[in-house]
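Input: a single structure, listed below in structure tokens.
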Amino acid sequence: MFYRLSGVHHADYISDSRMFKVPADRNLAVFFLIIGVAAPFIIPSLYLNSYMLPWLIWTAAALGLNLVTGWAGQLHLGYAAVMAVGAYSAIHAAKFGVPWEFALIIGGLASSVIGSLFAFAALRVKGLYLALTTLAMQFVMDWVLTHSPAISGGSHASLQSPTLALLGQDITSDAGYYYVAFGWCVLVTIFMLNLKRTGLGRALVAVREKDFAAAILGVNSFYYKILAFATSSFIAGVSGALLVATFFFLAAPEQFSVNVSIQVLAMVIVGGLGSIIGSYFGVALILLVPGLVNGLVAAGSEAIGMQINVETLAHIPNAVYGALIVVILLIEPLGLGKLYGNIREYLMVWPFDQLRK
Amino acid sequence: MDWIFLSELAINGALTGLLYSLFAIGLVLIYKASSVPNLAQGGLTMLGAYVVVALSHDAGLPLWLAIPLAALFMFALGFGIERVALRRLAGRPVVMILMLTLGLDIFLRGTTLAIWGGTSRSMELGVSYDPLFLGDIFISRIHLVGAAVAIGLFVAFMLFFRSRTGIKLRAIADDYTASWSVGISVERGVGLSWALASVVAVAAGVIWGEVQGVDQSLSLLLLKGLTVAVLGGLDSILGAVIAGIILGIIENVGADFIDPLVGGGSRELIVAAVLILTVMIRPHGLFGRHDIERV
């Protein structure tokens, strides 16, 4: 009823490989696109810039990780390091006088180059060992960042981002920052939506399912693994650069530490491997819920007159964040995207359940 | 070249390395018994240390009572973790199990700090801080104690894996389904391995808590522990001990050479480099079993 299927027939391959096979999905996407465009006018700017904006940029970043982990099946625990490469190269380029459009691309390309180094680990090992190698690479990158003042910006290890300017316009307003983030997130989402319809996407899935078997089918798994790492690193680099340019305004090594890598992976897995809508949910959950719970606990303890000490309060979000990961994985190992899929499946034929295939 | 200084570095490195082994044994135990990478060992170690401190300092129990009680508590907790979390994900892809243990690690760390606060506490084992001189070489007593504990645990687990229960655990690691079919309770075996790893975490927590204070930096041992476990081979306890010694020596001597070149703090870098090189050159480590993959 909600997803009307009557009259929807796919009679040829072109119509069967459309992006949205059910009109309701497309309508929903258009609806959220309109809400996204209208957001600065309907959402107070405090919420816009402290919740919506990081949510969108982290979603773009998580989609990039989803490409390499969800589609190509390569574990990656060094994603924040790749984001750092993009952020630092873009900011240095912008400081040097390169226009921001090119600075962002430079950041993305620099990330691609460094990110492809991670891929060489993926050519040798996979699974757990790949995760550990990328984790070690993350530590190496952290070390390089904190130990080279030339990159991280002097003794304070912080680098001021120059004013963002795109297409000749200085961007300084809250709405402006939001639209940059929104535009990037939409761009990445469109790319990812189209990925599954292309040969590249199918090759990546083949590599994920079994790289040896893919090789037997004639899919060059070497090539596609490097391609997956390079593409996802490009997305990571630009996302990292935008994150600093529109949200942090100041690049510091802690913003891209190993905990951040784990956080992005948590977003992807909680959202659901290979699920695009899931990445949106996963990022929202991991980014926003710990803060919300903390606010609730603080308010609750005040309401009942119980004194919770500051230190306890400071560590509750972390405990909640860990518990969230565990609980979601236990409830639905395939993530929130799968939960959404289940609801959609159910509503697809409701109230005529007997029609379910 | 100052040979005495170099050998002092090497010996102290080896002792520190054995303390890493103490931590790594917890990782290896679980991997050996269930092929699950346990990234929550850092959180477990931290919790173990805090429980001992809480029992001995806050509750006023003597140490000889507090440590076994903490071990008992952690033993039960390990079983609980398997029952609540690991069991439902058995047979899932490794990425989910990896994430689950990372989530557990974050949860354990957050909960521990929420209960006891982040200020560093001391363990006060009562081991003297006076240095021990072996000829001209200076050795720290607590490191010696820790190394003895590590070797003791190593011997105990070597014997354990030869016992009937130990052989069951090895069978489980080999193949879950085959073990079920011959009547081994896989759930109980995996639970036991988590319980034992949690007890090892208490030992590591106590020794490391004495060395560097009981605070959240205890969970940062994870990278070093992982490096030791991978270098030794993820399913070899002997490997963990020997790799610990090797990593400790490389780290201590290497840092002495590299630190002046890069301005200090090169230990992390050396550890990460050893991990990357190990995986690149010999993924199954020094003594690990080389798994053959079938299409």
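Here the Cβ of each residue, glycine as well, is placed from N, Cα and C on the backbone.
As given in TrEMBL:
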TRANSMEM  A:28-47  transmembrane segment
TRANSMEM  A:53-72  transmembrane segment
TRANSMEM  A:79-96  transmembrane segment
TRANSMEM  A:102-121  transmembrane segment
TRANSMEM  A:128-145  transmembrane segment
TRANSMEM  A:176-195  transmembrane segment
TRANSMEM  A:226-250  transmembrane segment
TRANSMEM  A:256-273  transmembrane segment
TRANSMEM  A:280-299  transmembrane segment
TRANSMEM  A:319-340  transmembrane segment
CB contact flag for the transmembrane segment (A:128-145) and the transmembrane segment (A:319-340), at least three pairs under 8 A: no
Among A:176-195, A:226-250, A:256-273, A:280-299, A:319-340, stretch most in contact with the transmembrane segment (A:102-121) (C-beta, under 8 angstroms): A:226-250
Selection from A:53-72, A:176-195, A:256-273, A:280-299, A:319-340, the stretch that has most Cβ pairs under 8 A to the transmembrane segment (A:79-96): A:256-273
Contacting positions for the transmembrane segment (A:256-273) when only residues 6+ beyond its ends and CB under 8 Å are counted: 58, 61-62, 65-66, 69-70, 76-81, 83-84, 87, 135, 138-139, 141-142, 145, 240, 279-283, 285-287, 321, 324-325, 328-329, 334-338
Highest-contact recorded stretch vs the transmembrane segment (A:53-72), from A:176-195, A:280-299, A:319-340, CB pairs under 8 Å: A:176-195
